[in-house]
Amino acid sequence: MKFKADEISSIIKERIENFDLNLEIEETGKIISVADGVAKVYGLKNIMAGEMVEFENGDKGMALNLEESSVGIVILGKGEGLKEGASVKRLKKLLKVPVGEALIGRVVNALGEPIDAKGVVNANEYRFVEEKAKGIMARKSVHEPLHTGIKAIDALVPIGRGQRELIIGDRQTGKTTVAVDTIISQRGQGVICIYVAIGQKQSTVAQVVKRLEEHGAMEYTIVVNAGASDPAALQYLAPYAGVTMGEFFRDNAKHALIVYDDLSKHAVAYREMSLILRRPPGREAYPGDVFYLHSRLLERASKLNDELGAGSLTALPIIETQAGDVSAYIPTNVISITDGQIFLETDLFNSGIRPAINVGLSVSRVGGAAQIKATKQVSGTLRLDLAQYRELQAFTQFASDLDEASRKQLERGQRMVELLKQPPYSPLSVEKQVVLIFAGTKGFLDDIAVSRIKEFEDGIYPFIEAKHPDIFEQIRSKKALDSDLEEKLAKAINEFKANHL
């Protein structure tokens, strides 16, 4: 048998040309130690800060500490079955979460994975969890109102689209209720809402979701949950995942509202992670970058300029204080980052004034520009009236005889306090708020007993809707009160008082 040399060489050449060297090179490391949701890994020399890794058991991790001989990795999962010597491989990518319309109405974890047993989330787009906040030129000043449906807030501490307004108070003062009311109030306003629960009991989150479903609010709401039983790393990531989902709507010329409930637990989760990673502790054992932790999160809420679509992302962070101490580390940090705060007080809550908003300590630094003219007109003197009432109230504890003017002021104040009370989960439309506050500040309630203010409120809305529907319509369309409308309104209120009270 003869071999032809040129035949053999052509076959070899063909084999060489068609040879497919498909080698996948993976960089792996070994676990040195693992404890409390943090793994110390040796061998991942080229890893980036914030890079994702995969453990032997399929859990994902994120590199946070890059040291000379090892890498500190937080485990984004239960970490079951991980032991010393187990291998860890680099994924060469940063953490991304799903964004888009597919998430609306769903309950997801901090990685965007569904936890509501309603099947997979079919998202078309994924975005990086850590994004840089928009610069100055991309923004526009806050000028559109975001109505919360809560009388005391819309009149005295107005919130605008793109604002960051802190809700602060002790435990059990109604902070979550204010936030949930605001979400319910966005029905039909074209605002997508995101509720981020950080370190909450699962029963509490289930209750919030149930409330939102009852009021039809889950149709435009995404719930991101990192519960108390979840690893600290997931509690740390949850707000960033939530704001990434919100930014998608803002960047697509829509309006979004995000609630962080609450950032005190977020800071505690970050402190826990940092201490296990052996980062040096600072004040109250928080790490040195705890201010940056919250500032980089809250700066991502913004109102975009017209060239970028004029979308907005409004943030309502919640902070829980201990015994009303607003001067603690985390509260002062977040107060200085946000555009104002709504301060809720235990004493007011216990005395039946709910929502328990302390009008003196609550401010909105940029919301005034967003408030509609009608609300501004009727609530102009309201803050001053309430402040004078509080002062007089303290004074009357020592002095019994009051002059006529002081007595009138005291009585007006009592009625205004009663007027601003509101049951939970019953947000009011702007036109109804304007009518009610107009009645209070213009003295129409001065001759009605304090105990009958609620009766007046319950009756005036259906009365105007039935007999004078044009009043509500004009307030809605004009967004201001002219002399004709004021006259009509005064006439309607007097007519109602004469016939029904």
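Using N, Cα and C of the backbone, Cβ positions are placed for all residues, glycine too.
Quick look at what Swiss-Prot annotates:
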BINDING   Gly169, Asp170, Arg171, Gln172, Thr173, Gly174, Lys175, Thr176  ATP binding site
SITE      Ser362  site 'Required for activity'
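Structure with Swiss-Prot features highlighted.
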residue: Gly169; record: ATP binding site; DSSP (3 states): strand
residue: Gly174; record: ATP binding site; DSSP (3 states): coil
residue: Ser362; record: site 'Required for activity'; DSSP (3 states): coil
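The Cβ of Lys175 (ATP binding site) has Ile167, Ile168, Gly169, Asp261, Asp262, Ile318, Glu320, Leu344 as same-chain neighbours under 8 Å, each 6 or more residues away in sequence. If you take the CA of Ser362 (site 'Required for activity') and look 10 A around it, you hit none of the binding-site residues from Asp170, Arg171, Gln172. Neighbour counts of Cβ atoms within 10 Å were compared for the recorded positions Gln172, Thr173, Thr176, Ser362, and the top value is held by Thr173. Comparing the binding-site residues Gly169, Gly174 on other C-beta atoms within 10 angstroms of each C-beta gives the minimum for Gly174. Cβ-based crowding with a 10 Å cutoff singles out Asp170 as the top-ranked of the binding-site residues Asp170, Arg171. Other than the site residues Gly169, Asp170, Arg171, Gln172, Thr173, Gly174, Lys175, Thr176, same-chain residues with C-beta atoms no more than 8 angstroms from the centre of those residues' C-beta atoms, the ATP site, are Glu320, Leu344, Thr346, Phe349, Ala356.
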